[in-house]
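**Student:** Please read through the structure below; I'll follow up with questions.
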Amino acid sequence: MGLVAFHRRLALQGPSKFWQWLIFTLLLPLGLIYGILGLIRVLFYRQGVLQINRASVPVVSVGNLAAGGTGKTPFVDALLKDCRERGIRVAVVSRGYGGAGVAGVAVVCDGEGPLLDPAVCGDEPYLLARRNPRALILVARKRALGVAWAVDRLGAELIILDDGFQHLGVARDLDIVLLDARAPFGNGWPLPAGLLREFPSGLGRADIFILTRTAEVLPSLDLPGPRLHARHRLSAEAVALDGGERRTLAALEGEKGVAFAGIADPEAFFAGLRSEGLELLQTLAFADHAGYGPEELRTIREAALGADYLITTEKDGVKLAGQSFAVPCYEVPLILEFVEEGGVDRVMEMLIEKGGNHGHLRRTP
């Protein structure tokens, strides 16, 4: 088990052996300090010590309490598609984690498809741009600058603040928090002792909760707001990295594959493949937002020896464009489905009701 996988298991399940207890005990003070600093930061924003910037258009924040693994990208994708159906000119403003970083603001998509490489802008913004070529996607370290750019220069009518729950420098009309129903608070501790970005008391700022992976757990959480339930499933079809060959997952049964992923919860992806009947000779878990340099590619190519195919996530696939392997390499999209009928519509209606003057966001006839 790699270091990243070990930390995630420790953070989700807690320590079970003496040496794990020792490591956990050493991390506890750091987690406590991290959580307290987060509380102080929230207080500074509330007291006006730190500035909050308000946009001239509605802002929806989509974020997590824990670090990664909740299915935020598929949810933002679903929200984007709903906005497009309503005829809304929507922009996503992201931090661009995993990218090389940009100075100021970078436009990933101006409504005509992706403009930047995922190595520059990050895998998630690029993936959203590829899935939604008519949308506006921007990355900015200072989100307020990205929001202003989207509104003033690109004419955005609605802003989706990606991974924005802890980014309090931008005012929002609706705060959406995604929680993994299997372990919404992990072991209950902030980073690095756990996976939480802040203490659970911060959930009081949220307007609505999306409980994900509810196909696996029937959640009975006491949350300070309304909730919707969603499940994830793998697409029934795998697509070759070059965008050419397409094969159903069922067609891969009987062949031997190697799966790899550089996401927050790779084990969930591997389990999903196995549940579809795929036989995996080996699984490779890389760090979240892995860049796939020479070392990672060498590991994948060595693992492919004796396999019939390679298979990975769509988020990883966007970073492997132009790479060749001895066997076919496929990517599988992750799809989010709401348990309740019209889940995204309910989110949008809540925004309209909460904002009061956002009637232009209603679905066009």
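Just so it is clear, glycine is given a Cβ too, placed from its N, Cα and C backbone atoms.
In case it helps, TrEMBL gives these features for our protein:
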BINDING   Ala66, Ala67, Gly68, Gly69, Thr70, Gly71, Lys72, Thr73  ATP binding site
TRANSMEM  18-44  transmembrane segment
**Student:** Excluding Ala66, Ala67, Gly68, Gly69, Thr70, Gly71, Lys72, Thr73, please set out which residues of the same chain place their CB within 8 Å of the center of the CB atoms of the ATP site, keeping sequence order.
**Tutor:** Asn64, Leu178, Asp180, Ala264, Asp265
**Student:** For the binding-site residues Thr70, Thr73, which one has its C-beta crowded by the most other C-beta atoms within 10 angstroms?
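**Tutor:** Neighbour-count leader: Thr70.
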**Student:** Name, in the order they occur in the sequence, the residues of the same chain whose CB lies under 8 A from the CB of Ala67 (ATP binding site) and which sit 6 or more residues away.
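**Tutor:** Correct list: Leu191, Leu195, Leu196, Arg197, Ala264.
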**Student:** Which entry in the list of binding-site residues, Gly68, Gly69, Gly71, has its Cβ near the fewest other Cβ atoms, using 10 Å as the limit?
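**Tutor:** Counting other Cβ atoms within 10 Å of each of the binding-site residues Gly68, Gly69, Gly71, the minimum falls on Gly68.
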